[in-house]
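Worksheet: one structure, shown below.
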Amino acid sequence: MDCNCFDPQWPADELLMKYQYISDFFIAVAYFSIPIELVYFVQKSAVFPYRWVLVQFGAFIVLCGATHLINLWTSTAHTRTLAIVMTTAKVLTAVVSCATALMLVHIIPDLLSVKTRELFLKNKAAELDREMGLIRTQEETGRYVRMLTHEIRSTLDRHTILKTTLVELGRTLALEECALWMPTPPGLELQLSYTLRHQNPIGFTVPIQLPVINQVFGTNRAVKISPNSPVARLRPAGKYMPGEVVAVRVPLLHLSNFQINDWPELSTKRYALMVLMLPSGSARQWHVHELELVEVVADQVAVALSHAAILEESMRARDLLMEQNVALDLARREAEMAVRARNDFLAVMNHEMRTPMHAIIALSSLLQETELTPEQRLMVETILKSSNLLATLINDVLDLSRLEDGSLQLDVGTFNLHVLFRKVLNLIKPIASVKNCLSRLTCLQICPEFAIGDEKRLMQILLNVVGNAVKFSKEGSVSISAVAAKSESLSDPRAPEFFPVQSENHFYLRVQVKDTGSGINPQDIPKLFCKFAQNQALATKSSGGTGLGLAISKRFVNLMEGHIWIESEGLGKGSTAIFIVKLGIPGRSNEPKLPFMPRLPANHMQMTFQGLKVLIMDDNGFSRMVTKGLLVHLGCDVTTVSSGDECLRVLTQEHKVVFMDVSIPGIDCYEVAVQIHEKFGKHHNRPLIVALTGNTDRVTKENCMRVGMDGVILKPVSVDKMRSVLSELLEHGVILQS
């Protein structure tokens, strides 16, 4: 009977068949589970690049599993249909297997390259790990550096900086010992100055020329040195297997503007030596980042030491400066006290000396106008001349005193320059004629007629210079030339610091006084401007010295921004005095405002003041008597009082002039003047008020003008001066020049 079945090709063995059946079943289960796992993990992976390969591989496995599953039914008698299914499954499996095999030819190289990339990435990851380790090490080193720098910079004391450095380095690097060797001031040795553990005596020295020291000083890097080197023998006895030792130089920065104690000389090596030791008996070694840390700290210590040294020297200089300031302040106060004492003394002496001088000159001038024998007249004239000379000397002493302490100032105003020179010439001519000396004035026409300056002081300079020329000339001539100097004639090779600058607002007056007198030794010329200087060659002769005249003149010339000098070719060859002063040029708008200089009538010497009622207020009875004698001699009706109250009580409208001493102790004479104004009201109803005083200071004059006085005259006063004062008062109602 045909059942469309295949007979088995060998006898069935039940046991073998049973094993094949079980094996095919598990193979089929395994083949079916593998694609499921592949599908699961492929879905979980979003970046897998071989999805089609997995599909083919999965189909191959599924078909292989299907063939094994079908074999479960083909191991026994089976139908033709099952055989066709089995054949179809194997054919498909063969096709898919070949396709998968062909695909693997292209895939396997990629899979191998993936492995290569994996190894590359692993190497890269390891390299990154090393770099990250270096970065972490650098960050840690930087943190240590910042920490150490902060600790080092937290103070500006050198000793604290160095101790802090050793302590912080020892703590950060776990050192057994850390030491600092400082150069001695001569720079020939290194001295152990600081240690961390204090196990060695401070002050131990080693020569600076040791090879190991030269090796360290020759580089700015930390250098490993032998533990047995002289600078590294800092461990306690009994230690063996010493740890590694490094040394680094610490620059001691050059401080050119400071002289600092304990700092090496500039000619020596300006380094300190820092030695660092790892613990003994350990296998620890110095790492690169630790050496870098040591190098950075050494540089920071160098900067901190320089700052501390500068601060230390600045504080020392400040203390020294404070001491000097205290000493200078004390000296200044003492000098001010001395100046005040001198000024007070001069003021008192001035007032006290002028009072008797007033009596001498006044009485001598009165005697001069009486009938005298020639011998008596000669004696009176000698007394009067000597008294006038003494009064001039008193004025010079006061002027010099005020010039030296800076209290004297120029009284600047507009004046007639030509008139000033003619006045000087008129004053000098009588003296020159007595000595058979011809005096003349030249070149004045090329000077401006009016100028701005201190007329009184310029006249004083001229009188001093011309007076000296006449004084030292027995006969011959004295010539005075004055010009508005040009730039080329202003310089003096002996005074290069004098460098005048021309402008439109001022000019420089150049005055030259040339005489044919005794001349001067060239070596004596610089001494002439000293106080009471004498020409040594002429010191025994009657001419004497220059007194204070030239010394005062030089200071006045300096106040006028000028220069003065003297030239002479030697003894017997005459001399030339030259001075230059700066004067202002009045503007056109100021010309109408030039002060009117009235001329006294030519016959004022013959004027009489018969019946003129005058009141004198002076506490000094002797001075009252002398002043009264002058006025009575001139014909005045004189009343004298000794106090302000008496003055106000006695004073009436009949009195035309009041002379009052403004230096009466216990009386405010300025207040008396104010009360006189109040008593008589309008100006034309009151008497003229004149201060008769021995005080020559500017304050006295300003106070007199402030309270409305009509003039100030200084003691001593002669008959001629009193006559001139009264004439000026009665004609103009004011004294134009004191």
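Backbone N, Cα and C atoms are what each Cβ position is placed from, and that goes for glycine too.
Per Swiss-Prot, these features apply:
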- 22-42: transmembrane segment (TRANSMEM)
- 53-73: transmembrane segment (TRANSMEM)
- CYS64, HIS68: Cu cation binding site (BINDING)
- 91-111: transmembrane segment (TRANSMEM)
- 157-305: domain 'GAF' (DOMAIN)
- 348-585: domain 'Histidine kinase' (DOMAIN)
- HIS351: phosphohistidine (MOD_RES)
- 613-730: domain 'Response regulatory' (DOMAIN)
- ASP661: 4-aspartylphosphate (MOD_RES)
Integer Å distance between the CA atoms belonging to HIS68 (Cu cation binding site) and ASP661 (4-aspartylphosphate):
155
CB within-chain contacts under 8 A for CYS64 (Cu cation binding site), separation at least 6:
ILE27, TYR31, THR93, SER97
Intrachain residues whose Cβ lies under 8 Å of the transmembrane segment (22-42), provided they are six or more past its termini:
48, 51, 54, 57-59, 61-62, 64-66, 68-69, 71-72, 75
HIS68, HIS351: which of these recorded positions has the highest Cβ count within 10 Å of its own Cβ?
HIS68
What whole-number Å value do you get for the CA-CA distance of HIS68 (Cu cation binding site) and HIS351 (phosphohistidine)?
152
Count the other Cβ atoms sitting within 10 Å of the Cβ of ASP661 (4-aspartylphosphate), across every protein chain shown.
24
On the three-state reduction of DSSP, what should I expect for ASP661 (4-aspartylphosphate)?
coil
DSSP-assigned states of the domain 'Response regulatory' (613-730) in counts, ordered helix, strand, coil:
56 helix, 24 strand, 38 coil
